[in-house]
Amino acid sequence: MPEPARPTVFMLETTDSSPEERANASARPEGKGRKNELPPMESAFQKENSDFTPSIRVNVNYHPSNQQDPNRFDRDRLFGAVARGDPEELEGLKEYLQRTGKFLTNSEYKEANTGKTCLMKALLNLKAGENATILPLLQIDRELGNPLPLVNATCYDENYRGHSALHIAIEKRSLTWVKVLVENGANVHAKADGQFFQKSKGICFYFGELPLSLAACTKQWDVVEFLLENPHQPARLEEGDSQGNTVLHALVMIADNSKENTSLVSAMYDDILRAGARICPSMKLEDIPNNQGLTPLKLAAKEGKIEIFKHILQREMSGEYQHLSRRFTEWSYGPVQAALYDLSSVDSSEDNSVLDIIVFGCRAPNRHKMVVLEPLNKLLQEKWESLAIRFYFNFACYVIYMMIFTAVAYHQPVLGKTFLPLKATAGNSMLLMGHILILFGGFYLFFGQLRYFWKRHRFLWITFVDSYFEILILVQSLTTVVAQVLCFMELEWYLPVLVFSLVVGWVNTLYYTRGFEPTGIYSVMIQKVILRDLLRFLLIYFVFLFGFAVALVSLTREALPLPPLNTSLTHPEVGGGNDDDGKTSYSSMFAASLELFKFTIGMGELEFQEHLRFKGFVMFLLLVYVLLTYILLLNMLIALMSETVNSVSTDSKSIWKLQRAIAVLEMEMGYWWCRRKKKRSGTFLTVGVTPDQKTDERWCFRKGLEQMKSLPFWGSTFYEQTGTRCQEQSQLGHTGLQLPRFLNGMGFCLQISDHLTESVSLETGLEQTCRLLKTCSILLQTLDLWNLSELTLRADD
């Protein structure tokens, strides 16, 4: 139940400071740039700021007969006492506050910048977890009847807004002071929503704003348990912060995919789920969305928190907490088991599902690693198998369309020849029909891509980063339509536009390589090399090209007078430095850029005309250009491409699966002119009983047979029992060993050889069985567990 709203309290403060003190406080130098920096929460080297906002107060020393109190407590005295932790320095504080009508929450007892109180100051200065001034401060504030209790005072600046004494006690990992504050009425739902506590760029600490979330994120289960079960004001697990994030959302946000962090976060996550099941069995804590409509599972998918995402997807609990599981072991036999996975919030048949978020709404660079996690991997594979025929049909239609496009472009009439009207011949009729088909195909692709980008306008940046082919198809469709319009208008510029569209169209054929694993992975490498290395190379190369081209054009304009024509015939120049009209090769930016490009690919000529004024300097510039581009940039490009291929090769398969997942989800929605209802995957099953004794029915996905990474220890007493049997059989004179008895200890042998192989194949033939038995025999001989001199292994067994 939400707490009732607290009434607004208006209180006129009093002051007894002298005019000189107020003048000195306002005249303190601030220092350059101080107002723009983050103020310290606590510092032993800097005094608290006293530049308070002007406010109306009652001056108790207004009358001349009123003398200033000799035992006056100002903020510096009070803060100094609590920082030192000396309660004796607080003697007379209560009486002074009573005489002057002040409270410890008055603005003069706070830091001007942040609103830090003396109680916060005391908690920030714990020594060995203790500060003897905390209890006297709470007692004085309670006895004075403060309408704004000190225990619930919060910071008010934009950086630490909402930060309370309870937050500080939890951050200091002091369960003792947490209990004291809660017993004195501390608000367990205070939200620290300042900029320092938000998830943003720069140094910050986001923990979910709430005290409960802070305790969970700092791994203080004892504090979490107390906050949930204290008799004064139990914390609500469903309470959200300013972003709607519950404690589970906060745990997901602090996950960083490291092994240690994942272990701590996963354990705390499960403990809170169990606590929620005990406190309120009917509450589905994991189904509570934040302000963006994201549950903890969806938030993990959106933020790329792979390890906690994997833990939530594959979480399995037993006993009274089985209803909290998302994975259910259906049956097991030896190292083999079959499991069911809960598809709630996962399958793309639901709105804003996990699959949709990973494919279309995740900005994390490692999101391709999430589609290979189970059950997503098998789920997408099942969807692909059901939609592969449609994909291949689309591929065939596109190839036919491009072949028609190619034939039409190849048989175009010569420029200058009237296109319309055509003579009534079979060839002209086919040509006209081809143009019409190309035009309709262009419109079809255009509207399809418009629908694609419109559906993802909220994730425009992600769309532009990942949808390389979709952007190219949009360009192809636009140029196709423009080319056909220009063609029917009989404008000669239709031909370059048509040819450009044709080239882009054939390049877009690579889109369909994602349907085939070998070509799909190869296409992924090409895309990564182009986007990661080639674009950077071209950016730097064009800078060099432009700079050197401008320099050469400027230098070659200052040329000596050309020699007479007969001199040129008598002494012809070698190389082609002059054009036919007598101009130099660097007479324009285009000509200079073209010549420099020849140098880049090793086809340039260093010979030039004798009439250049600065031929030596021109030679120097050309040599520098060759060094920078042909020798340096090109070799760096080759090295970077090699490094990219090596780094991408490990993730190329998962990236290809992500691209195929995009195609699967697109086909699942149907064509743009014919939407279809998404088919739900999995089976509707009863997986148990809910805490309120109702059947727990869910849509589950049966992944199939799984093999455990390490085989169980079949026969835990193998060492003792089997060793005893061997000695007995040896004494009785048995010289053979039957296969079933030997297999009784095979699990132990396989457990020993686990460092050699992670799993044992289930589909073993006779030869593999014999080889395995011989391996086990060698291991047993090494461990001296069996008398192998009397052990015979027969292949026919």
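Each residue, glycine too, has its Cβ placed from N, Cα and C.
Since we're looking at a predicted model, the values are computed, not measured.
Taken from TrEMBL as is:
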| type | residues | note |
| --- | --- | --- |
| REGION | 1-52 | region 'Disordered' |
| COMPBIAS | 19-37 | compositional bias 'Basic and acidic residues' |
| REPEAT | 161-193 | repeat 'ANK' |
| TRANSMEM | 391-410 | transmembrane segment |
| DOMAIN | 392-651 | domain 'Ion transport' |
| TRANSMEM | 430-447 | transmembrane segment |
| TRANSMEM | 459-481 | transmembrane segment |
| TRANSMEM | 493-513 | transmembrane segment |
| TRANSMEM | 534-555 | transmembrane segment |
| TRANSMEM | 616-638 | transmembrane segment |
Quick check on the repeat 'ANK' (161-193): DSSP residue counts for helix, strand, coil, in that order please.
16 helix, 1 strand, 16 coil
In contact by Cβ distance (the transmembrane segment (616-638), the transmembrane segment (391-410); 3 or more pairs under 8 Å):
no
Can you tell me which parts of the same chain pack against the transmembrane segment (534-555), counting only residues 6+ beyond its ends and a CB-CB cutoff under 8 A?
586-589, 592-593, 595-597, 600, 612-614, 617-618, 621-622, 624-625, 628-629, 633, 636-637, 640-641
For the repeat 'ANK' (161-193), distant same-chain residues with Cβ under 8 A (at least six beyond the ends):
3, 41, 117, 119-120, 123-124, 126, 129, 134-135, 138, 142, 149-155, 209-212, 214-215, 218, 220, 222-223, 226-227, 230, 232-236, 239, 241-242
So which residues does the transmembrane segment (616-638) touch in its own chain, when a touch means Cβ under 8 Å and the partner is 6 or more beyond its ends?
533-534, 537, 540-541, 544-545, 548, 551-552, 555-556, 596, 599-602, 604, 606, 608
